Amino acid sequence: MSAENEIQEERNNEEQYRNWKQNIPFMYEICINHQNNWPSLTVCWLNELEIDQNDNEIHRLIVATQTNNQEQDYIKLLKVAIPKKLDEQLDNTLLNNIWKTQAVGKVQEELQIPVEVEINRVRQQPNNQYILAAQAGDGEVGIYDLSKQSKVFALKGQEKEGYGLSWNLTNSGQLLSASYDHNIYYWDTNTGQLIKQYNFHSAEVEDVCWHPQDPNIFISCSDDKTFAICDIRTNQGVTIKQEAHSQEVNCAQFNNFQSNLFATGSNDAQVKMFDMNKPEEDIHTFSNHEDAIYSLQWSPHQRNLLASGSVDTKIVVWDYYKIGNEIKAEDEKDGPSELLFYHGGHRSKVNDLSWNVNHKHLFASVEQEKNILQIWKIQQQLWEEDENDEYIQSLV
C-alpha cells in the first residue's frame, strides 16, 4: 500500500470512529472507554459479582501489560461499578460525562502482580475465583493466586509461547494449553504435573477448548488450517481432524448450550459453524470481517449469539437464528441477516474479548495499539430473543 493510500485509509478509519462516537447513545446502554498505560493482549471478566451500598454491581476483570521490555510487566485486576438498572429518565448522551465524575462507570485498579515476561492470555479457573492460568511470552504457563497476589507455581514442559488456554469445567484443576511448538499440553494444576502431550497438528496450535459437558472431549485449531476433535480416553487423542479454512485457524470455541456446535475463526476473515456429529462440512459461514479473526466467544446467556474480534478493528455479534432471513434491499449494505451488531469502538486490532457471565450481554474488549479497554452493552431492543430457529435446527 502506498503512503498516500495509507493516509487515506487512516482518514477513513478516523471518520468511521467519529461517526461511531456520535451514535453511542443510540446503540449502547453502557459504553466505557478506559485508557491503560500499555496495551493488553488479554481480557477476562472474573466470575464474581458484588453489590455495593448504592445498589451498584461491582464487576472485576483481568488485563495484562505488554511493555516490550520497556517497563515491568504486570497482570492487573480491575474493577468497575455498574448500575443494576439504568434510570429510564436519564439522557444516555450524558452517561459518559456523568461516569467521569462519579464512581459508577469508572475503571479502577485493585491490584497488580509483577511478571517476568509479558502475558499473552489469562483465564480464570471455573471452580476457584482466585486462581488464574496465564500463557507467557516465553512459553511458561503460570498459575497465579489473586488472594496471595503472586504466582504460586509454573507448569514446566511447554517449549514455545502460545495463546490458547482452557480449564475443564467438570474436572477441577485440569487445564489445556496450546503452543507454537505444534503441541497441546494437558495439565493437572492440582499437582503441577503434565498428564499428556498431544502432537497431531503440523503447525502452531492457536487455540484449545474443553467441551462444556463432556470432560473427556476438547477441540483444537492450528495454523495448519485444521481443527481437531480429541478424546483423552484414546491413545492418540485425536478422533477427527478436518481442514476448516483456506488459511490459518486462530480460534475455536464450543457453544455453551448446544454443545454439538462449535465455531472457528481464521485468517481468511471468516467464522464457520460446525456440528461435531457431522464435522466434514460447516453448517454456515459468517462473512463480514475484512481481516483475520483472533477472538471468538459464544454467549453465556443465549445459545444463538456468537462474538468475533478481528484485525479489522471490529467486533461482530452474530445471531444464528437469523440465518436465511430476508433483508430489505436498502439494508443489504449493512451485512447479512445474521449480523446482529458490530462494535466499532476500536481503532486497531482487537486482541481479545470477554462476555460477562453475571451481567447479560456486557462485554469487555482490548486492542493492540491505542492501549484501550472498552466495556460495553448494546441497547436492549437488539437482544430480543427469537425462538423461531427452525432453519438452524433443520441443519443440525
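The backbone N, Cα and C atoms fix where each Cβ goes, and this holds for glycine too.
Feature annotations, courtesy of TrEMBL:
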DOMAIN    15-84  domain 'Histone-binding protein RBBP4-like N-terminal'
REPEAT    155-197  repeat 'WD'
REPEAT    242-277  repeat 'WD'
REPEAT    286-319  repeat 'WD'
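Same-chain neighbours of the repeat 'WD' (242-277): 203-204, 206-214, 219-229, 283-287, 289-300, 302-303, 306, 308, 310, 312, 318, 320, 395-396, counting only residues six or more beyond its ends whose CB sits under 8 Å from a CB of the stretch.
Long-range neighbours of the repeat 'WD' (286-319) within the same chain, counting only residues 6 or more positions beyond its ends whose Cβ lies under 8 Å from a Cβ of the stretch, are 13, 247-248, 250-258, 263-273, 335-336, 338-344, 346-357, 360-361, 363, 365, 367, 378, 383, 385-386, 389, 392. Counting residues of the repeat 'WD' (286-319) by DSSP class, helix then strand then coil, yields 0 helix, 19 strand, 15 coil.
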